[in-house]
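Shown next, in structure tokens, is the structure this report addresses.
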Amino acid sequence: MNTTPGTVGSDPVILATAGYDHTVRFWQAHSGICTRTVQHQDSQVNALEITPDRSMIAATGYQHIRMYDLNSNNPNPIISYDGVSKNIASVGFHEDGRWMYTGGEDCTARIWDLRSRNLQCQRIFQVNAPINCVCLHPNQAELIVGDQSGTSHIWDLKTDHNEQLIPEPEFSITSAHIDPDASYMAAVNSAGNCFVWNLTGGIGDEVTQLIPKTKIPAHTRYALQCRFSPDSTLLATCSADQTCKIWRTSNFSLMTELSIKSSNPGESSRGWMWGCAFSGDSQYIVTASSDNLARLWCVETGEIKREYGGHQKAVVCLAFNDSVLG
């Protein structure tokens, strides 16, 4: 793959943030310097994801998907799609980049063929409530779809069969994730709880089985995202309570609490901790929050290593890739 020197794609570490100010910003992770800003005209950005080959970044918003080139300084999206109604809340990619998946408020999860330059919707999975999150099993053959009725759907892409889990009815599933080892699935909800399942099967033609493992009363307010670390030893949960909490997957005990709460009693809330992403070595985590900042933290000590300031409104999503392609 060719990368142009001086572009985002030429940097071994790609960090992008976006939110309510209609921009996507790219940062030099170690220095905190903003290296590129892309205008995202039509709406806020709800979700960001970098393609596995690090050539493009997808940004989803209200009724559209935009894909920007990371290997040039072209300010305009190189792929645009406007044929989905309402907010698109979630986006991700098959590991070899053949297709992309999305989910949104129109109650559908979709699979898009990326091999043609115009986005073709290949498959649609319809549910009965707006979708908040979609995550791909490491086997690349099952999608987990979380909706606002509190249901997690496991959509088997090979058979089109689906199973449903309803850990806490009436509380919206806001985020779900499976660890890279495919040992656990976690889901968080609008009550602030985190549910963890053990995974078995999911290899070859075996269907994945989910066995309830634990329920963590992770947050006292709305939980917004959960993410396992690349080494599968940690689970992070982000919340409207201004914290991101890091849990050990060995026993799901709390290891570190990352907080943006002010130590000044007179200062009002700095807002929600919207999302997070681990570094490839699982030692650091980047968070996005309503106080217009992204932050880089040391996972073990909870120390803030870097702040990324420049957004004019809340930062609600980020994408982080520091893996070196072989």
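Glycine too: its Cβ is placed from the backbone N, Cα and C atoms.
Feature annotations, reproduced from Swiss-Prot:
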CROSSLNK  Lys313  SUMO1 cross-link
MOD_RES   Met1  N-acetylmethionine
MOD_RES   Thr51  phosphothreonine
REPEAT    1-37  repeat 'WD 1'
REPEAT    40-80  repeat 'WD 2'
REPEAT    83-122  repeat 'WD 3'
REPEAT    126-165  repeat 'WD 4'
REPEAT    268-309  repeat 'WD 7'
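Of all Cβ atoms in the shown protein chains, 18 besides its own fall within 10 Å of the Cβ of Thr51 (phosphothreonine). In the repeat 'WD 7' (268-309), helix, strand and coil residues by DSSP number 0 helix, 24 strand, 18 coil. Here the Cβ of Lys313 (SUMO1 cross-link) has 13 other Cβ atoms within 10 Å, regardless of which shown protein chain they belong to. Shown for the repeat 'WD 3' (83-122): DSSP residue counts in helix, strand and coil, namely 0 helix, 22 strand, 18 coil. Cα separation, the residue listed as 'phosphothreonine' to Lys313 (SUMO1 cross-link), rounded: 26 Å. Per DSSP, the secondary structure of the repeat 'WD 1' (1-37) breaks down as 3 helix, 15 strand, 19 coil. Secondary structure by DSSP for the repeat 'WD 2' (40-80): 0 helix, 17 strand, 24 coil. Helix, strand and coil residue tallies for the repeat 'WD 4' (126-165), in that order: 0 helix, 22 strand, 18 coil [DSSP].
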